[in-house]
């Protein structure tokens, strides 16, 4: 396997970044340069939430000039929402190849990619152009899902990997929040002027500017990587023969006294990785072995259930949902508050992720979503859409967001890398990620249509799925907190030795 060697460590321009203790240390600086991509991830997923109706008007998707919710607009909006997730499926599959050329290199590619994609989206004048641009945006998001967590994992202190890993999710939620916040400048939707809806010059500019914004964030990311954070990760440098370069970065992350231990840990990890590759089982081969097939299927089911909590319907389509419960002028304000809660409630996850077991958090998240949606469904069936019931529905969405932000959101991605043994980790985790994106498409694509029919249908579906998820986690999912790297609580040492040999476990 040919890997591009990037000997990018230079003596000049890097010495100003010194080791510092605490959470906001050297690692945090490097992580921040990567988390700008996480911000773009969240922003791109949510940006359509507040501007769809303006696109409908400018592109004239409805023959009636006073309507923005005709069948054609709902269908095209559904395609635009789902296209991001379809693109992400493709991008996540390609990302494993991209990171082989360097973790920092992959971030540079992502930032450059989003400059062009954001400009293309902002200048779109036809449905097919904006659909193509949104597919490309999704492809970039797919690249981010692998590249950023890998960069963070390899650029952080071993005792803080969990906390820093949550920063990826934190910046995703911050991007979601900013996307909805910027929608406030557009007011409460397109205004009817006489016998038709007409957009003001500001409205026509602003929705395009919102698509353009990731270009500015990407330029900032490129500047940070070129001017300040020029180094590749210590793992990548060591793996490609630049041991001295790896030492220099580790001094900044760990301090001079702990470099030898950190370097030895990298060497051991690389040796284990090589052994795992030599002994690796292909996904098809692993699926033929009952013990491996079991853990692969469990991971895929767990990953799929995350989307069936309804998180991406709220993130990508909260404005449409709140139209069923609120006056028009309060919709975007409530979406801003909801995304702010989503952002703020990710902070507790930074501190509890290493204190509470993964399984406990997953179970708690499911209970939270059930308590959020099930009472709403019952109330709407008994009393109908009264003001009190609508208020309960809104409160339910907030409880769901809080529950997800401190549990299923960040925990799933950590768990998927802890549940699989090293010989199938890469391929199995990739498959689980693919299933997650496919389930997102299944949930998001029809959400516009179902919301128009009845929000209760969605709430009932999410409630039932979370009840099933709770039972599934309770009886089939095992705790992974504190486990050894490369092992699995689902497959015994003897079972692994039987299939890959004693010397390679």
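Using the three backbone atoms N, Cα and C, a Cβ is placed for every residue, glycine included.
Feature list (source: Swiss-Prot):
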BINDING   169, 306, 307, 312, 413  alpha-D-glucose binding site
BINDING   169, 306, 312, 342  beta-D-glucose binding site
DISULFID  62-70  disulfide bond
TOPO_DOM  1-27  topological domain 'Cytoplasmic'
TOPO_DOM  49-78  topological domain 'Extracellular'
TOPO_DOM  100-104  topological domain 'Cytoplasmic'
TOPO_DOM  126-134  topological domain 'Extracellular'
TOPO_DOM  156-165  topological domain 'Cytoplasmic'
TOPO_DOM  187-208  topological domain 'Extracellular'
TOPO_DOM  230-294  topological domain 'Cytoplasmic'
TOPO_DOM  316-332  topological domain 'Extracellular'
TOPO_DOM  354-358  topological domain 'Cytoplasmic'
TOPO_DOM  380-393  topological domain 'Extracellular'
TOPO_DOM  415-430  topological domain 'Cytoplasmic'
TOPO_DOM  452-456  topological domain 'Extracellular'
TOPO_DOM  478-505  topological domain 'Cytoplasmic'
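Note: the topological domain 'Cytoplasmic' (230-294) comprises 52 helix, 0 strand, 13 coil (DSSP; helix = H, G, I, strand = E, B). The beta-D-glucose site is defined by 169, 306, 312, 342, and by the 8 Å test on Cβ atoms against their centroid, the other residues of the chain that qualify are 172, 173, 311, 315, 404, 405, 408, 409. Distance between Cα atoms for residue 70 (disulfide bond) and residue 312 (alpha-D-glucose binding site): 23 Å, as a whole number. Across the structure, residue 342 (beta-D-glucose binding site) and residue 306 (alpha-D-glucose binding site) place their CA atoms 16 angstrom apart.
Secondary structure from DSSP puts residue 342 (beta-D-glucose binding site) in a helix. When the record's beta-D-glucose-binding residues 169, 306, 312, 342 are compared pairwise by CA position, the greatest distance found is 16 Å. Look at the Cβ of each of the disulfide-bonded residues 62, 70 and count the other Cβ atoms within 10 Å; the largest number goes with 62. In three-state terms derived from DSSP, residue 70 (disulfide bond) belongs to neither a helical nor a strand segment and is classed as coil. Taking CA atoms as the reference points, residue 306 (alpha-D-glucose binding site) and residue 62 (disulfide bond) are 35 Å apart.
Nonlocal intrachain contacts for the topological domain 'Extracellular' (126-134), taken as residues 6+ away from its ends with a CB within less than 8 angstroms of a stretch CB, comprise 48, 55, 59, 61, 76, 79-80, 83-84, 87, 117, 120. Note: residue 169 (alpha-D-glucose binding site) has non-local neighbours 38, 346, 349, 409, 410, 413, i.e. same-chain residues 6+ apart with C-beta under 8 A of its own C-beta.
Distance noted between the C-alpha atoms of residue 62 (disulfide bond) and residue 312 (alpha-D-glucose binding site) is 26 Å.
Burial estimate for the binding-site residues (306, 307, 312, 342): highest at 342, by number of other CB atoms within 10 Å. Secondary structure at residue 413 (alpha-D-glucose binding site), as computed by DSSP, is helix. Outside the topological domain 'Extracellular' (49-78) by six or more residues, the chain places 125-127, 130, 179-180, 182-184, 186, 189-190, 192, 195-199, 203-204, 207, 210, 315-320, 332, 335, 445-449, 452 with a CB less than 8 A from a CB of the stretch. There are 20 other Cβ atoms within 10 Å of the Cβ belonging to residue 413 (alpha-D-glucose binding site).
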